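Peer 1: Annotated domain 'Potassium channel' per TrEMBL: 88-146, 180-258, in sequence order. Positions annotated as N-linked glycosylation site by TrEMBL: Asn85. Under the heading transmembrane segment, TrEMBL lists 12-34, 118-139, 169-191, 203-223, 235-258.
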Amino acid sequence: MGAAEARRRRLGVPVLLVAYVGYVGLGAGVLQALERPAEVQAARRLLQQHWELLANHTCLRGAALQRLIQGIIEAYKSGVTLQGNTTSLGRWDFSGSFFFSISAITTIGYGNLSPSTVAGRIFCILFALFGIPLNLVLLNEIGQVMLLGVQRCAHRLEEMFHWKIKAALLMKTCALVSGLLLFLLLPPLLFSDKEGWTYEEGFYYSFITLSTIGFGDYVIGMNPDRTYPGWYKNVISLWILFGMAWLALVIKFCINLLESSSDFCQCNKKSTELAEDLMDDGKNSMTGLHDVESCNDKDRETKGPDECHIHTAPAEAL
């Protein structure tokens, strides 16, 4: 079994690697076709606005304007935005720092906010070093509690209605639908109300966040023109924690499906190889003696799997 398992691994890794590269390449091609024209259009529009501003305000110089733009970009990365003649702060208050800590140890890493001081960066490294394992352990425990709840409900249904397979399937379906509602379908309504996003943008943010992709193009609580309640970021932090645990279970289920399909393909391949070996044995028997190992089910039951009959087939058998 060890040699067979090693052989299966050697054959499976190249196939999975080719499938992986092909899948990523397909995604790259589709995204390039969809997003590249918008990027080119945005770049042309920005360049046009830049030259119009310099043409209409001759007192401005290109180098000074470029420094101002760069300063605005750096300030925005630090959480400071211009509002008329004043600036707005608030990204590094306690609620903002708490939300950043959650995004760090969950490995979401939106990228819209990061420590700018040397001490802050060193602390972020140490904080994440111990926080990421703690987060993984907590997510695993939450997932186990969710699975235990589903199993208990399925067991009660079996006792009440004497269902077996139907009860487990029903509870898994209910858990999937409930998770979709709580973590993916209903939160976009809250984001539409508090952030002003469309439902599609809220759904996109929900999945990108819970899957820990975290592009950072949509982040809650970052609009300086809106006032957010104190409970908002705390509730979203809990939503992220439990939503990641639920989505991890769904992803694990998908992984099990892929692995089971891979094992099924390997079984079919082994059956094909066995048939080819039998055909080769038939051809070899035309030229000489060969040993054929056979072991039927009755032999395995009486003599054990390792004690099989060895038959010597004569050349004239076929």
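Counting begins at 1 with the first residue displayed.
Backbone N, Cα and C define each Cβ position, glycine as well.
Help me see these features in their spatial surroundings.
Peer 2: The domain 'Potassium channel' (180-258): residue composition by secondary structure is 54 helix, 0 strand, 25 coil, according to DSSP.
Within its own chain, the transmembrane segment (235-258) has Cβ neighbours under 8 Å at 98-99, 102, 106, 108, 138-139, 142-143, 146-147, 176, 179, 182-184, 187, 206, 209-212, 220-221, counting only residues six or more beyond its boundaries.
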Peer 1: Apart from its near flanks, which chain residues at least 6 from the ends of the transmembrane segment (118-139) lie with a Cβ under 8 angstroms of it?
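Peer 2: Distant Cβ neighbours of the transmembrane segment (118-139) are 101, 104-107, 241, 244-245, 248.
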Peer 1: Counting only residues 6 or more past its boundaries, what in the same chain has a CB within less than 8 Å of a CB in the transmembrane segment (169-191)?
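Peer 2: Hits for the transmembrane segment (169-191): 146, 150-151, 153-154, 157, 163, 197, 199-203, 205-207, 210, 220, 239, 242-243, 246-247, 250.
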